[in-house]
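Among the features that Swiss-Prot reports, disulfide bond is placed at Cys300-Cys333. Residues or ranges marked as pyrrolidone carboxylic acid by Swiss-Prot: Gln19. Annotation comment: Swiss-Prot describes Tyr20, Tyr22 as sulfotyrosine, evidence class similarity to another entry. As annotated by Swiss-Prot, repeat 'LRR 1' applies to 70-91. Annotation comment: Swiss-Prot describes 94-117 as repeat 'LRR 2'. Taken from Swiss-Prot, the feature repeat 'LRR 3' covers 120-140. The repeat 'LRR 4' annotation in Swiss-Prot covers 141-162. The repeat 'LRR 5' annotation in Swiss-Prot covers 165-186. Annotated repeat 'LRR 6' per Swiss-Prot: 190-211, in sequence order. The repeat 'LRR 7' annotation in Swiss-Prot covers 212-232. Residues or ranges marked as repeat 'LRR 8' by Swiss-Prot: 235-255. Per Swiss-Prot, repeat 'LRR 9' is recorded for 260-281. Sequence annotations record features per position, and here Swiss-Prot assigns repeat 'LRR 10' to 282-301. Residues or ranges marked as repeat 'LRR 11' by Swiss-Prot: 310-330.
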Amino acid sequence: MTLNSLPIFLVLISGIFCQYDYGPADDYGYDPFGPSTAVCAPECNCPLSYPTAMYCDNLKLKTIPIVPSGIKYLYLRNNMIEAIEENTFDNVTDLQWLILDHNHLENSKIKGRVFSKLKNLKKLHINYNNLTEAVGPLPKTLDDLQLSHNKITKVNPGALEGLVNLTVIHLQNNQLKTDSISGAFKGLNSLLYLDLSFNQLTKLPTGLPHSLLMLYFDNNQISNIPDEYFQGFKTLQYLRLSHNKLTDSGIPGNVFNITSLVELDLSFNQLKSIPTVSENLENFYLQVNKINKFPLSSFCKVVGPLTYSKITHLRLDGNNLTRADLPQEMYNCLRVAADISLE
C-alpha cells in the first residue's frame, strides 16, 4: 500500500469498527458542550465548540426541525422521523453530513430531489430505517453512503450513476438479490469499500468497479464463483465470503490467487479442500468447513530463501484436520505464521 493511500485506508478501517462514531456528541447522558450558539433550532444543540454542527439525537422528533443557514453537520439519530419534504434543506446549501440513522423513513415519503439539491453533501447515513430501495437522486459530491439495516430489495439502474466521488457504500442487512443489483455499481471508479453482507445473494453481482479495496459478501447464499471473477481487481485487499454455501466444485482453481489480497475469509462454508491463494496473503480464515487435507501447493508454488507464504494467521479449527495431518515441510512454506489454529 502506498503512503498516499494510507490516510483513506485508515478512515475505511475506522468505519468498519466504528460505523456510528460520528463525532463528539454521541449519546451522552449529559451536555458535554455547554450552551448552544444563538443560531440553532431550539430543540437541538449547536455547541459553541462546533458551531457548524447541529445535534438533534434522541428527541422523539417526528419532523425535521428548521435548520439554520451555516449548518454543515446535521445529526438526527434515534428519532421518529417518517418524511422529508423537498424544501427541508433549502436553507442549508452548505450541508456536508446528514445522519438519519434509527428513524422511520420510507422511500415514498422522501420527496423529490431533496438530497441532490445539497451540492456539498459528502456523507448520507440512513441506516436502520424502513427503506425498500436505494434513495436517489444523489449529489455528485457524495463520498459515503450508508443504507444498512433497512428492507431494501433493489438498487434501481442509474440510482448511483455519476457519483464519481463515492468511496464507501454500506448495504448490509437488507433483502437484496443478485439480479436487483447487477450493474448498479458500474462506473463508480472511486469506490473502495462495498458491504453487501447479510442479504439474499445467490450469485456474485456483475459490474463491480475494479477500484475496490474491501469487498464483503458474508452471510448470503452464494454457492459458486465464476472463473476469473476477480480478474482486474488489482487493489483488492480484504475479501469476505464467510457463511455462504461455497463448495470445492463452486470455486475455480485460481480464483483467489489475487496478488493484492491481504485477508480472505471463507469460514463457515462447505469446503473440503483449501483453495489456492497468493503467497502475499497474510490472514486466511477457513474455520468450520469440511477440510480434510492440507496441500502445501495451496500456499506455496515454490519454497526457497525468498519464496514462501506471507500468511501470519491461519484458522482451520472446526474442520477434519489434526496436527498430525500437517506436513513437516509446512514450516518452510509458512515460516512467518504466528498462529495456525486447528482446535
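Heads up, the Cβ atoms here are built off N, Cα and C, so glycines get one too.
Beyond the repeat 'LRR 5' (165-186), the same-chain residues lying 6 or more positions past its ends with a Cβ under 8 Å from any Cβ of the stretch are 8, 12, 15, 19, 122, 127, 134, 140-157, 159, 192-209, 216.
Cys300 (disulfide bond) carries neither a helix nor a strand DSSP state and counts as coil.
Tertiary proximity for the repeat 'LRR 1' (70-91) is limited to same-chain residues at least six positions away from its ends with a CB under 8 Å from its CB atoms, namely 20, 22-23, 25, 27, 39, 46, 50-64, 97-106, 109-114, 117-118, 120. Neighbour list (Cys333 (disulfide bond), Cβ cut-off 8 Å, at least 6 residues apart, same chain): Leu296, Phe299, Cys300, Val303, Tyr308, Ser309. Sequence-distant contacts of the repeat 'LRR 11' (310-330) (same chain, six or more residues past either end, CB-CB distance under 8 Å): 267, 279-294, 296, 299, 303, 336-343. Here the repeat 'LRR 10' (282-301) has Cβ contacts under 8 Å with residues 242, 262-276, 307-321, 325-327, 329-330, 333-334, 341 of the same chain, all six or more residues outside its ends. Through the fold, the repeat 'LRR 6' (190-211) approaches residues 8, 12, 15, 143, 148, 164-178, 181-184, 217-226, 229, 232-235, 240 of its own chain, all at least 6 residues removed from its boundaries and within a Cβ separation under 8 Å. Per-residue pLDDT, averaged across the repeat 'LRR 1' (70-91), gives 97.
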